[in-house]
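For reference, Swiss-Prot has these:
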- 250: active site, glycyl thioester intermediate (ACT_SITE)
- 83, 104, 127, 150, 184: ATP binding site (BINDING)
- 226, 229, 303, 308: Zn(2+) binding site (BINDING)
- 382-391: compositional bias 'Low complexity' (COMPBIAS)
- 372-404: region 'Disordered' (REGION)
């Protein structure tokens, strides 16, 4: 018995040694034993189980997207890889985006497990490193670039500005779209300032502290209101955000609300990048009543961001597109009086003398089963005379009966 116990202890010791000496991945955790698929050079529409893009390329066959493979030449920057940002990155990776640039300086915690995407074994890792490892395994065709710093500091803001200005799919070109998935006002203002300065279109997104509402907002510098044009109530009233949170009480979060908000964000990002459908300028979501408000916010002529004012002037100076109205071809009415061809005839109107219809020309061997007799004018006069005679005789008869 003791010999068996010694053998088991020796096996356990060997397993511990093996785990300690196992090679580590770049994220600091034991490398995943699962094998990632090989990279794919071109997207294929071939319908086979081994093609990860077959269902995406089907959008072309259904005339939703003209050329879906263009997505491989697009670069998107995601700022904030939390509840909304991580799911957004996951969806874009599965859609086959060409390049993802992730910004975040926070770490994965067990408190994040109520959200989607991250797993408990990633606790303690930086969010961008954990996300990059998972996303690369999901789709190795996507180029993923990570930046683990706070973009709101003066030094890091310049780095952020350079990255979104020159980090496109083609070196030296700007990214195609910036997605804001942050949870604080300072970071949103930093993204807003950078995009106004570089004239980049971007989406702002957010989920409320009570976790039952969310929104996305598409911001086109100069065309729609930037984030500084209509600041939230917290800033408009000069209230510190920290004073709104009671001590010991944290903001609530639901994976459902965050997943819905991320879905709206990615759906509209795809419509913008691939040029199909209608991109919503502002789309909200209220989970309590399933209410989805939509609106467009115009820029503020007195905006505090000077670059926003410059973009407004540039937008106003652009030539307005000329809309050519197509004149509808109106068909002439079937009847001069009404379009239904109905003609009203008074009851006391005299009957028109209609000529009998001509006998249609019949084919050889065919004949009419019935021919209506023609009414002559003499027959009509005789009928009227007979009726008059009958009426007179009846009156005489009545007079005779009364005299009896």
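Yeah, the Cβs are placed from backbone N, Cα and C, and that goes for glycine too.
This view paints the features noted in Swiss-Prot onto the structure.
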residue	record	DSSP (3 states)
83	ATP binding site	helix
104	ATP binding site	coil
127	ATP binding site	helix
150	ATP binding site	coil
184	ATP binding site	coil
226	Zn(2+) binding site	coil
303	Zn(2+) binding site	coil
308	Zn(2+) binding site	helix
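Applying an 8 A CB threshold to same-chain residues 6+ apart, the list for residue 83 (ATP binding site) reads 112, 115, 116, 207, 253, 255, 258. Annotation: 226 carries the greatest number of neighbouring Cβ atoms among the binding-site residues 226, 229, 303, 308 [cut-off 10 Å, Cβ to Cβ]. With the fewest other Cβ atoms inside 10 Å of its Cβ, the least crowded of the binding-site residues 150, 184 in this structure is 184. Counting only the Cα atoms, the space from residue 229 (Zn(2+) binding site) to residue 184 (ATP binding site) is about 17 angstrom.
Distances between the Cα of residue 226 (Zn(2+) binding site) and those of the binding-site residues 104, 127, 150, 184 are shortest for 184.
Taking the Cβ of residue 104 (ATP binding site) as centre and 10 Å as the limit, one finds 27 other Cβ atoms among all the protein chains shown. Take the mean position of the Cβ atoms of 226, 229, 303, 308, the recorded Zn(2+) site; other residues of that chain with a Cβ within 8 Å of it are 192, 196, 225, 227, 228, 299, 300, 304, 305, 309, 312. The ATP site in the record is lined by 83, 104, 127, 150, 184, and its two most distant CA atoms lie 18 Å apart. Within the same chain, residues at least 6 positions away in sequence whose Cβ sits under 8 Å from that of residue 127 (ATP binding site) are 81, 82, 86, 104, 106, 107, 108, 118. Residue 184 (ATP binding site) sits 20 Å from residue 303 (Zn(2+) binding site), taking the Cα positions as reference.
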